[in-house]
Amino acid sequence: MTAAFRSRRVLATSAAVVALLLAVLLSLAVGARPIAPGTVLDALLHGGTGDDAEVVRQLRIPRTVIGLMVGAALALAGTALQGITRNPIADPGILGISQGSSVAVVLAIAFLGVHSLSGYVWFAFAGAALASVAVYAIASSGRGGATPVKLALGGAAINALLLSVTTGVLTTKAAALDEFRFWQIGSLDGRDAATIGQIWPFLLLGAVLVLSVARGLDALALGEDVAKGLGQKVATVRIVGGLGATVLTGAAVAAAGPIAFVGLAVPHIARAVVGSDHRWVLPMAALIGPVMVLVADVAGRIVFPPGEVPAGVMTALIGVPFLVTLVRRKAVPA
Amino acid sequence: MTRLTARGLTLAYENRVVVEDLDLEVPDGKVTVIVGPNACGKSTTLRALGRLLKPVRGAVLLDGEELAKLPTKRIARSIGLLPQTPVAPEAITVADLVARGRQPHQAWWKQWSEEDERAVTEAMARTDVAALADRSVDELSGGQRQRVWIAMALAQETDLLLLDEPTTYLDIAHQVEVLDLVRRLNRTRGRTVVLVLHDLNQAARYADHLIAMKAGRVVAQGAPAEIVTDAMVRDVFGLPAVVVPDPVTGSPLVVPGAPWDAAVSSDAP
Amino acid sequence: MSLTEKAPAAVARPGATRPAGYGLVRTGPASFLVHRRSVLAAAVLLLLLAAVSVAYLCVGERTIAPGEVLTILTGGDSPAAFVVEELRAPRLVTALAVGAAFGIAGALIQTVARNPLASPDIIGISQGAGAVTVAAMTFGLASYTVLPYLSIAGGVLAAALVYVFAWRGGLHATRFVLIGIGFAIALRSLITLFMTKGDFLVAQQAQIWLTGSLNGRGWEESAPVRWTLLLMLPAVLWAARAQRTVSLDDATATALGVRLGRVRLGLVAVGVVLASVATGVAGPVDFVALLAPQIARRVTRTAQIPLFCSALLGALIVTAADLIGRRLFSPVELPVGVLTAAVGAPYLIWLIVRSRTGEKA
């Protein structure tokens, strides 16, 4: 590894930090009510008063922080999933894991009368876990094991399955529909500040789990047999990494609803910039993920004023061209 | 006399040129073998001869007409090609797979003529897979499966047969079987066969006409006895070797230099 | 086993090299292969379908005896004629047509995608139709008579986009599937967005449409799918034969003279049109397109998916599901999509469980 490469990595990471700070500033300043950066800083640092400062503090800071957390969580989860499944298009949305969380939440809302975040976050985890296991099992059947296409199809099948459960519930329970239709759209809007306090422990746990298997993911990238030859306990790496990804996905979905494609695109961007050593890729992903989510959120705020396009829709609209390019470049082995 | 020729053929994958400005003639009624080191373009050339790959420049000609301009079904009645790793649908039986070879001769109203039946029966008899007719292809051994694929190509009843590395993954007994079968087809039926082989000695044994390629160009061609020499092997494969007559057939036998030996080697620790 | 001296294995039965299980019909130069088991299966399915159809017409708020139903169908007069002819028969025909269309579409998409888990929903057709429909409902863009045609357009457009983006010197199954899944997810997010933009009643209607329902689908409403099936019959017959040729690997198929690019496009086009039209009429009825072809293939035990049996099974599933949905919690009607999901979901789970025991999917 050349010195040039090493310094490039450091440079890239610093650039990412700067980008993140800018994104945060944007997120705090831009909106239906544009606020000058100066006022923003004033509100943050000097406890300024006035309507603008209130908007910053009450609405935008929580929104931005949630965007940060969700972006980081999904990016880390996506990186872990891509490493574990050795599949460049793995992503919590494509593999049906986000949908698993959604279904669990809708069931909790409809049948168990759970209406608070701290209540249904546990369901979100359970749903994510069950979905991951199911997808892996269904994709590993037949010849060839869990190839990328089979995994994607397995995810789509699980998605369809879970979606039908959701629609079945929503068709029969009208009250649930009214609450759920707003929840199921991945959005940073209307999420409450209390969410932050409830989510961050899970985020931390998931991040620790994923970071702990960084070396294992590096080895796994060389192939299962090679990894074993290098002394890695492949099953442990998969389980711990999978657990981390599940916790992160569950937390993110519980906080902001299902936001797709962040977990798909960000790991690729991170790898393109800092190479494939997961000890660098993971932190980079954790920096770029929030940038993507916050930028999407900001774009959604200004694209059709005065209405907002939710971040989840914006990431999907950006993510699809990304996926198309990736697949067309034959970056995905059949 | 040559029905199948290539003129000024340039072949590329994506933007990577693999074969450049190649001229080649496949002599009729003979067994032609293409050899060369890895990535020299031999498989690529064969695929182009079988119109699986469109040339960037130049053309492949069949009976004087450009392949690219001929209807694909017509080509399929004249040229049969067996690729390196053919894939059969799950759970297909041997008879069914061999029967697929008759597709170029069939139509929606002519789904199983007497011709078809005869061709398939003969093909299966000649490759000795008739007893396996109702077995599932997935269950067969590597050697049996390869014979079934060859039977399919035979059932196609083409004058020209192109085989891309038909002996890979087979043990030596089966390799010899397949090559003997190819020779019989050629000698008894006069079929023109073109093979890509990676084993130079097998190629020297079975080829009537040998073509050695390197880096996308033809380096030498002719009868094995004439072109397989120490110099050619060193030039094309980068291998120091000694060429002696094969004790059984008399064809050239390539014997590599002595294996690495600490006592003799100059890079001893 | 040596080739040289062994006597060729005795060809035990006449025509032993003909693919097993096929009967041969030869008249002069023409010859036709008929798969016996498929014919048998089709006959059984037709009988089942007839029985379920009669049951469909008998059962309802007012139960009508089968004998009376048959009288009405054969033109006789009866006090129940109105109910049967004006209310139930049109909906039955819709169910049959929609089911058949989904069955065929599923079979073709699975063949081209080379995977039993592929279905029109996963390549964006349902989502394309859904996005257009929900948008139209939410923003009041079209009347209810025009809506089905908008849905059809949405489905076809989505699939066309997927095809265009996946095409690169040919259509590869993997690219097609992956890009389709991506589009499906993106369109799905659009649908959820639109669902929040209207009032609750509209959302409820949209939700029911999204589940797949035959309610209120009578003679007129089913016109698109009936006509399409009729007009596409030659294409479907072509597809039934062409299907066989794309199941080998690309190189071998091309070597056998198959124009892979065209054949795949043709198969996909037929599948897309049928799925889009069926979705336009009844909404995305889950799982029929996934289930019917796989069950059909297991029944006929052929290497490729039988189109005719898939169509029959699709019709059977939808009709039976709607029948049960109408009566189960009577007088409340369950949309047919809920019932098909109720069957489809366990099937998927069974697939998963079966895979754990190491069997091939």
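Cβ coordinates are placed from backbone N, Cα and C, and glycine is handled just like the others.
Whatever TrEMBL says is automated annotation, not expert-curated.
Check TrEMBL against the ranges A:5-23, A:252-270, A:309-327 and you find transmembrane segment recorded for A:309-327. Tallying C-beta pairs under 8 angstroms between the transmembrane segment (A:61-81) and each of A:93-114, A:120-139, A:151-176, A:196-214 places A:196-214 first.
Residues 85, 92, 95-105, 107-109, 114, 146-147, 150-151, 153-155, 157-158, 162, 198-199, 202, 242, 245-247, 249-251, 253-254 of the same chain lie 6 or more positions beyond the ends of the transmembrane segment (A:120-139) yet place their CB under 8 Å from a CB of it. Annotation: stretch A:280-303 has the most Cβ pairs under 8 Å to the transmembrane segment (A:309-327), among A:93-114, A:151-176, A:280-303.
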